[in-house]
Amino acid sequence: MVQQGWVVSQVNQGFPALNTMFPGGTDMTVLNELPSWDWSSLFRPHVWGYLLFGLNVGMAWHWWVPAFVLVSSCYLLAVTLLPRRPVTAALISIALFFTPFLQWWYGPSTLFSVAWPLLAMAAVVWVLVDTRRWVRIVWSVATGYFAVTLAMGLYVPYIIPGLLVFLTFSVGFLFRVRPWAVGGARAAWGRLTPLIASGLAAIVITAVWALTRIATFDAIQSTVYPGQRLAATGGVLVGDPYLAGIGGAPWNQALKAIPGGSLLGLNSSESSSVILLSLFVLPGLIWFAVRSFGSKHRVDWLLVSAVLLFALIAAYLLVPGWDAVAHVLQLDRVPAERFRVVFVVLLPLFAILVVDHVDRAETKRAWIVGLCCSVFAAVIIFALWSRIRSLNPEILGLAPTWKIIAVLLVLMTLLLFIKRGVVAAAAMLLVASVLMGWGVNPIYQGVFDLSKTDTGEAILKADKAETGVWIGIGSYETMAILVESGVSSLSGVQNYPTEQMWDEIDPTSKYENEWNRLGQVQWSLGTGALKIANPQANLIAVTVDPCSSFAQDEVSYILADSPVSAELDCVLEKSTIQQGQVEMRIYEIVPAGRG
């Protein structure tokens, strides 16, 4: 809702780089993935629809382009490593899209944080294996381009886990194919040159973008909330001591019905997780990796690197006491609950690694390993079910298909290790994923533009007659209508505080700790001195006297969804608009004695 409000505001203001709704303006090229006529939009393909086709088509474009990139990237990686299994690749890719974590946190920054490492890993394979220069260049350019897209999304807690997977995979695959064995180190560097050059170009472009917006970044970094937060190692056990949240994907269907917090998490989004396929098949990958050391072939360093990566992730989530090392690795910039995104990236990767090994294995006994892994998966699911049943049994009743999902996951784990069962395993993964993620985001057509409502048109009419600054009091809807109408307003969700606006509201900076944060600016009327408080970390509640010098000088209009108290002076009702079941009122701030 926050992002859509800013999008409509951008449409109504003509897609400026600096949106002037808040006094002083807000940079639209940083945070929230918003459309603007700025050069940085060249690297945001998901906003092109707004700029080229308008609001309604633009919203659909914004929704589906990241999804297309995600599914395509997953398919490309899968079909690159499993060229004879296009159906399996397609099923896994679609299953990834329906992962509950992605559905509940759906947005460009989330989807690109998963799509890019998958695309980049596929690129590593092609640049190291394919001898055609143009192929290596195409893959490198695509990877570099979307690296900029990912970086401009700016959500570091999602970027770092995917980057970690990519780097680990790259090292493992490099040692698996050993390109220096044929042609020496020079030949190996020659193959990697296009990808390295593309990466450096992406870094330069991102640096230019950031440096030309350094004031905005300084404002964001200096906020009290969210500010710069570092997480401690072993943090998952603090917020999720029973691991029901991180492992609760089979019961994520309940998140659509749970009104608040539960054993799974604080709310539906925070509770969403991912099928822990990487954990289910981990014993099998460990077995394959260990056996490769004693085989007549070379050690499979790709499997070894994957196992070591999982060990590092598990250590960060579960083992406290090594914060200094985690800081060097930048892991502490990712809160434990956000680190779940790494398991989304690992889901297709570990499935692919298992199938790749099974397809290349000379023995037909991999099913024994698969059986052990399926028993391991069953034990994990049973342990989680036992905890949920004893501590929060309501969840079980709100997830009616969890038993079906559990059976599918156990069978899927077994069939992944059987050559003829791989397609069936991928199909089961898809069915389980759809059962968990379907309906989280209902399909709808078009955008409900609040500026086109009767209230929105009344606001624009009043502002056109005499331009002024607005505040909204009452429900969230008053703020949303003002934001989408594009008028100058002190109500809305600020990404960071604009200096001009808060110099006007709080010239002595008495309440700087309260307003220097990302949050919703919510107004109410009262008497006496202006007051600012934080009922919650991301809410800035301002109480103002309409007769105060600030209101008289800086505020022109009030939009309210209920009558203003008759005891308050300096407020004059201009119009009443029937908006559905609610009467919206527009008031004008006037000198004392006229209200």
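Cβ coordinates are placed from backbone N, Cα and C, and glycine is handled just like the others.
Among the features that TrEMBL reports, domain 'DUF7657' is placed at 1-355.
Per TrEMBL, transmembrane segment is recorded for 61-82 (among others).
With a threshold of 8 Å between CB atoms, the same-chain residues lying at least 6 positions outside the transmembrane segment (89-106) that come near it are 67, 70-72, 74-75, 78-79, 82, 114, 249, 252, 255, 268-269, 271-275, 340-341, 343-344, 347-348, 351-352, 423, 426-427, 429-430, 432-434, 436-438, 440-441. Feature annotation from TrEMBL assigns transmembrane segment to 89-106 (among others).
For the transmembrane segment (112-129), the list of distant contacts is 66, 69-70, 72-74, 76-77, 80-81, 96, 102, 135-136, 139-140, 142-143, 146-147, 149-150, 153, 155, 158-159, 161-163, 165-166, 169-170, 173-174, 177, 179, 191-192, 194-195, 341, 344-345, 348-349: same-chain residues at least six beyond its ends, Cβ to Cβ under 8 Å. Summarising the annotation, TrEMBL assigns transmembrane segment to 112-129 (among others).
What TrEMBL records for 134-152 (among others) is transmembrane segment.
TrEMBL lists 158-177 (among others) with the feature transmembrane segment.
The transmembrane segment annotation in TrEMBL covers 189-211 (among others).
According to TrEMBL, the feature transmembrane segment maps to 271-289 (among others). Under 8 Å from some Cβ of the transmembrane segment (271-289) lie the Cβ atoms of residues 99-101, 103-105, 245-249, 252, 255, 258, 262, 264-265, 300, 303-304, 306-307, 310, 340, 343-344, 346-347, 349-351, 353-354, 357, 366, 369-370, 372-374, 376-377, 380, 409, 412-413, 416-417, 429, 432-433, 436, all in the same chain and six or more residues away from its ends.
Feature annotation from TrEMBL assigns transmembrane segment to 301-319 (among others). Using a Cβ-Cβ cut-off under 8 Å and counting only residues 6 or more beyond its ends in the same chain, the transmembrane segment (301-319) has close neighbours at 164-165, 168-169, 171-173, 175-176, 233-237, 246, 278-279, 282, 285-286, 288-289, 292, 326, 331, 336, 339, 342, 346, 349-350, 353, 357.
Residues annotated as transmembrane segment in TrEMBL: 339-355 (among others).
As annotated by TrEMBL, transmembrane segment applies to 367-388 (among others). Taking Cβ pairs closer than 8 Å, the transmembrane segment (367-388) reaches residues 242-244, 247-248, 250-251, 263, 276, 279-284, 287-288, 395-396, 402, 406, 409-411, 413-418 in its own chain, all 6 or more past its ends.
For the transmembrane segment (400-418), the list of distant contacts is 250-251, 253, 275, 277, 280-281, 284, 351, 354-355, 358, 366-367, 369-371, 373-374, 376-378, 381, 385, 424-425, 428-429, 431-432, 435-436: same-chain residues at least six beyond its ends, Cβ to Cβ under 8 Å. Positions annotated as transmembrane segment by TrEMBL: 400-418 (among others).
Per TrEMBL, the feature transmembrane segment maps to 425-444 (among others).
Marked as domain 'DUF7654' by TrEMBL: 450-591.
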Ranking 61-82, 189-211, 339-355 by Cβ pairs under 8 Å to the transmembrane segment (134-152) puts first 189-211
Residue counts for the domain 'DUF7654' (450-591) under DSSP, helix then strand then coil, are 42 helix, 46 strand, 54 coil
Any chance you could find the range in 158-177, 189-211, 339-355, 425-444 with the most Cβ pairs under 8 Å to the transmembrane segment (61-82)?
-> 339-355
